[in-house]
């Protein structure tokens, strides 16, 4: 689109040689470098800068979507509405400080508010009042364990980056609200310390809250570029390690990356540096070659927004050697990126930045330090993106970081424990308590290099005393299939309770792999009950048509959850109560029973019969060991261009987390490949639901992606279902270049780190027999991750009893 107005504008700038843009990045506001498309997403302040870049030979175009979003925010500002109020999910500075006060008031034994210093305005007489640089320190103050491991995380030291401050605030609130209810959160708060700087640049953030365009990156130091729109100092170029010794910072006070007059010249960066020195001992000299000890505890995370990366030192120049703990930092970065789906890389792969906070923390103290770049294409990420992906995905990453802070350089190489009960297991005193779950060494982001994985060799359980305390006693649990010989293993075992008092107890579990490394622990609550107060509810779940047992059905009773075994059997031991029992499994109509009782000292039985539905055309894919099994059940796969690699992928699904899903890789060559459902005979008001996640190639544009199509003539013609999606529909438009076979069309694009449900209204296809086609298009270069699809279900289909139905038990014959 042509330029209009006086600026600023979000711009895509094309280049031929990366060295050309690295040479000028200190003079301009670069947001994101896309090396494949050879573009820079940036902000151009005015026509003078725009023309200057053109004269240097760069080709510029206004980013229409981001420009229109900025105009909408500007329109709200004209009507007296603060631009941040267009983002209901992000709290203002004032609201964040109010939330911190509430935390301290509501959780006085868990929260200490630490004033670590002052913002520029507060430290400077005669101006605005400014703010305290305030840290929320979370730990159980009534559990005075010496040398608790520490996670330090901070958000939004770049003022215009809205999501990080809210992410860190919600993380604090999550820890506090789940203390005592979630076993993992409880032991973390008891045994560790979490230090959170929610607003890392409060003065600058107050400016950014009222801006339609994301101008204010720096702090609010009025001695630098006061009359311009780039006031202040870039805090992430003002830390001491290699300050002004690499590149990526500027001595021009109106530059977005202005480094300040000296290292730590700003009160905010000085306060942060002084504070982390009280948290993490200095365990390495300030050089670039000496590693920190592998036993070094602590994790440091600086959270930013826009680039979707997990980065680690070094980053002080465009070309740097590897950090001396490079391998360990890379391993942990890949662990964190497993949860948020971001590319993990050395910091300078984005571009050099001397005086940055992660280099400073690692370089001066040896602590495992990372920068996590959240993102959704703009500093003002939408609330939809924040609520559905940024917050839930990065919550998991932060929880893992808190766990691994005990020994990050070692434990990140070890396996994790998953799929433990989310509520307390109840057991009669004197009886054994059954514990089962999953041990896995597979949770790495493997799309930027490959991390070695190892077979699980042991799972240990510890009652009441965690494994790092003296007096801890380990109990070995067995592999569910009889032997530990793979990288992901279900485990099972029983622990005696005869020596335990009645009341709540904790069980920690750890897994060890063939490399000899024990990974981070996970925990479950166990409530030991007086036998006189406890009873049993059990039963068997069977298929109405065949009478056969149904394995892995989910059984929910009150706040308790279990699953049926291979004989269809379930059992609860609990205190006396009357509640609703619900049994469900994909492929069956769920059944609920009200008024189901557990009676003390009695065993009550509630058997359940489930009716198969014809709408679950995937049967959650657990019935298929290979793609050949799916094809024999009526599915079709193929490709118009390139290799058909659709497969049944095990170990990452929506149903169980480690089961089966349809999967296809985003490869670095041109492909147009698809998976097609069996025929489904629809009635009125039908709806298609499925769960998926994906990692498609993206940079400053969307190159690879997937679409959903429907055919009413057995595959002769196909129509796109995007317009019919009523929940979590397409999230972008494909670039269409580089031979993208799908062209420039709306699609599922970019990264979706966790499974998300898509719903499609099929009312327009009432009383027709249809097929669905999930279709992936990749362009001619550079791949990414994959597309996983699971739990596909159609509601509003002809009854299974209809003799004219094309398929029975969910599949065509």
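Quick reminder: no glycine exception, Cβ is built from N, Cα and C everywhere.
TrEMBL does not curate its annotations; it predicts them automatically.
Taking TrEMBL as the reference, the stretch among 165-184, 185-204, 205-224 described by the feature region 'Disordered' is residues 205-224. Residue counts for the region 'Disordered' (205-224) under DSSP, split into helix (H, G, I), strand (E, B) and coil, are 4 helix, 0 strand, 16 coil.
All chains included, 21 other C-beta atoms sit within 10 angstroms of the C-beta of residue 373 (active site, proton donor/acceptor). Within the model, the domain 'Peptidase M14' (89-404) shows a mean pLDDT value of 93, rounded to a whole number.
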